[in-house]
Amino acid sequence: MDDRVHPEVRRTATEIDTMEIRGAATIADAAARALRTQATESDAADAEAFRAELRATARTLHETRPTAVSLPNALRYVLRDMSSTTVEGLRQSVVDSADEFCARLERAQADLGQVGANRLRDGDTIMTHCHSTDALACVEAAVEQGKHIEAVVKETRPRNQGHITAKRLHELGVPVTLIVDSAARRYLNDVDHVLVGADAVAADGSVINKIGTSGLAVNARERGTPIMVAAQTLKLHPGTMTGHTVDIEMRDTAEVVDDDTLADLGNPTVKNPAFDVTPPRYVDAIVTERGQFPPESIVILMRELFGEGTSEPWAEPSPRAEP
């Protein structure tokens, strides 16, 4: 890591990389707070040195999770105004933007939860995959409305994020049935909605989420079970409007099999993709803090929020051409 990056920020980057910090909204919040820390602790001598230091910090954070689009969206928001000519002016801009971003993040999830809860009826059973605070916000809001909700929770290997979801649902008073991932098709007849989160949503309405989401969506469509994706607008991937693709992160082999077992199996090649892509035709609604949208309408929302292009504040500025 760049020596200019504050130790606390390095620690945050490591925790994001190792998934100690997980969940797109949680990652975005941590990234914004890390930039704030860098800004407040910086002893840069002048404005240009301060900007370079913040770019290095943003790069360090950005490189940790290439698929979690909430991370670069958080970096863009916090570093959106770096026009001041003084260190103190720049520092204040970063601090104010980070504080505003984190406050908006908290409000957005509550608003999203209300929108999603309106799709859930009293007595409904949902099926979940992985762990999504946005999806859980929908359930929490429904419970607060007095609705009785039950849940079938996929364990979500290899890291068992479904266990986190099961624990949180239990805390909300929701009866939980925990199932192995491969049993999902069997239990789809018992559920009224599939409710998942998203790490990113592309301009065409495709949903990038934890590996296994697309297979669940295909099975749900076959069974006629509606699929609701809960995703704050910070999960929208503006780069996909201009043809950029979403990188699918490959996780460490050790998450799947330990070295001794691998050797005993004859050292086969092990693939551990963290995410997959669910085509929009398998998604019924994408629920955001700004309302619910059919997947084909997401590009309109993206244009409203981001315009036609995006900046990358972690990139070094291009050298000026000689006159």
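In case you wondered, yes, glycine gets a Cβ from its N, Cα and C as well.
The substrate binding site annotation in Swiss-Prot covers Arg22, Gly23, Ala24, Ala25, Arg65, Asn209, Lys210, Lys235. Other Cβ atoms within 10 Å of the Cβ of Gly23 (substrate binding site), summed over all protein chains shown, number 22.
Close to Cys130 (active site, proton acceptor) in the fold, though at least 6 residues off in sequence, lie Lys154, Thr156, Gln161, Gly162, Thr165, Val196, Gly197, Asn209, Lys210, Gly212, Thr213, each with a CB less than 8 Å from its CB. Taken residue by residue with DSSP, Cys130 (active site, proton acceptor) is part of neither helix nor strand, so it is coil. Positions annotated as active site, proton acceptor by Swiss-Prot: Cys130.
According to Swiss-Prot, the active site, proton donor annotation covers Asp199, on the basis of sequence analysis.
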Spatial neighbour of Asp199 (active site, proton donor) that is closest, considering only the binding-site residues Arg22, Ala24, Ala25 and their CA atoms: Ala24
Chain-internal residues near Arg22 (substrate binding site), provided their CB is under 8 angstroms and they sit 6+ positions away: His131, Gln161
Residue among binding-site residues Ala24, Ala25, Asn209, Lys235 with least C-beta crowding, 10 angstrom cut-off: Ala25
Check: same-chain CB within 8 A of substrate site center, minus Arg22, Gly23, Ala24, Ala25, Arg65, Asn209, Lys210, Lys235: Thr26, Ile27, Ala68, Ser70, Ser132, Gly197, Ala198, Asp199
Long-range Cβ environment of Arg65 (substrate binding site), under 8 Å and at least 6 residues apart: Ile16, Asp17, Ile27, Leu71, Glu249
